[in-house]
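All remarks here apply to the structure that follows.
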Amino acid sequence: MEVVIAPGPELGRLAAAAIEKLVREQPDAVLGLATGSSPLAVYDELARRHAEHGLSFARVRAFMLDEYVGLAADHPERYRNVIEKEIASRVNFAPGAVQGPDGLADDLVGACAAYEDAIASVGGVDLQLLGIGTDGHIAFNEPGSSLASRTRIKTLTRQTREDNARFFGGDLDQVPQHCLTQGLATIMSARHLVLLATGRGKAEAVHQLVEGPVSAMWPATILQHHPHVTVLVDDAAASRLQLADYYRETFAAKPDWQGL
Ligand SMILES: N[C@@H]1[C@@H](O)[C@H](O)[C@@H](COP(=O)(O)O)O[C@@H]1O
């Protein structure tokens, strides 16, 4: 696991550079897209590189991590609409190239299985962007999630619903109780995981993710078992890392050719 501590805007540039390198080398790459505020700097930078440097997503396929159950098709907080607004509409994905779990399906269990099949049918995800919840969840894998889980229905914790109420006018009752989410094993199947976290509110989750024991109580800790994880954090999110100085020295001494 590589930990990079840098100012927020620099984190977005580092993640976008890794995506650009992948897409230029492999134009039909498969990306994993995350919602939440953490990846927004990455999306801004990708949109800029598309507009100014001709970075093309014409052959890229993308899969979203998760989706609320039951939000109306035109609801602005439906993750499919959020991804459309934040990145898909700003670059040149082909129609249908961005997929997400269908939170409006009549058969939600079937929709989860179909989603796993869709990811497998393109050979899996090459680079997966991730945020992290204050309770250590990734996608919507809440504490107690099976470390071997696949895409399924989950019930959101009160903490997550409170955290996300800001997107629903601060009204907790408007935040859905259920979601469909890639499982931890689904996420672990991606070949490179790039997790972004900023702010003091994420400091404990980041400490557990990087330095804590692997436990379903902090679901992100499963990433310690992945061979290629990049954790991009600002000073505040890094403030509880016991080995922060070592991570800084390691990154400062890293040869450019290694990339992320
Ligand atoms: N399902 C999303 C997660 O994918 C995201 O990582 C988390 C943190 O969001 P933020 O980046 O806004 O802190 O929020 C939601 O719960």
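Backbone N, Cα and C define each Cβ position, glycine as well.
Under the heading domain 'Glucosamine/galactosamine-6-phosphate isomerase', TrEMBL lists 11-225.
For Asp66 (among others), the entry in TrEMBL reads active site, proton acceptor. Annotation for Asp66 (active site, proton acceptor): same-chain Cβ neighbours under 8 Å, separated by at least 6 residues, are Thr35, Tyr79, Gly100, Pro101, Ala139, Phe140, Cys179, Leu180, Thr181, Gln182.
Marked as active site, for ring-opening step by TrEMBL: Asp135 (among others). Sequence-distant contacts of Asp135 (active site, for ring-opening step), defined as residues of its own chain at least six apart whose C-beta falls under 8 angstroms from its C-beta, comprise Glu142, Pro143, Thr157, Gln159, Thr160, Ala205, Trp218. Asp135 (active site, for ring-opening step) falls within neither a helix nor a strand when secondary structure is assigned with DSSP, and so counts as coil.
Annotation comment: TrEMBL describes His137 (among others) as active site, proton acceptor. On its own chain, His137 (active site, proton acceptor) has Pro143, Ser145, Thr157, Thr160, Pro219, Ala220 as residues at least 6 apart in sequence with a Cβ closer than 8 Å to its own Cβ.
Mapped onto three states, the DSSP output places Glu142 (active site, for ring-opening step) in coil. Under the heading active site, for ring-opening step, TrEMBL lists Glu142 (among others).
The site 'Part of the allosteric site' annotation in TrEMBL covers Ser145 (among others). A 10 Å cutoff on Cβ-Cβ distances gives Ser145 (site 'Part of the allosteric site') a total of 21 other Cβ atoms nearby, all chains included.
According to TrEMBL, the feature site 'Part of the allosteric site' maps to Arg152 (among others). All protein chains considered, the CB of Arg152 (site 'Part of the allosteric site') has 22 other CB atoms within 10 Å.
DSSP classifies Lys154 (site 'Part of the allosteric site') as strand under the three-state reduction. Annotation for Lys154 (site 'Part of the allosteric site'): same-chain Cβ neighbours under 8 Å, separated by at least 6 residues, are Phe140, Asn141, Glu142, Ser145, His178, Cys179, Leu180, Thr181. Positions annotated as site 'Part of the allosteric site' by TrEMBL: Lys154 (among others).
Sequence annotations record features per position, and here TrEMBL assigns site 'Part of the allosteric site' to Thr155 (among others).
When the recorded positions Asp66, Asp135, Ser145, Arg152, Lys154, Thr155 are checked against ligand 1, Asp66 have a Cβ within less than 6 Å of one of its atoms. For the recorded positions Glu142, Thr155, the greatest number of Cβ atoms within 10 Å around a candidate Cβ is found at Glu142.
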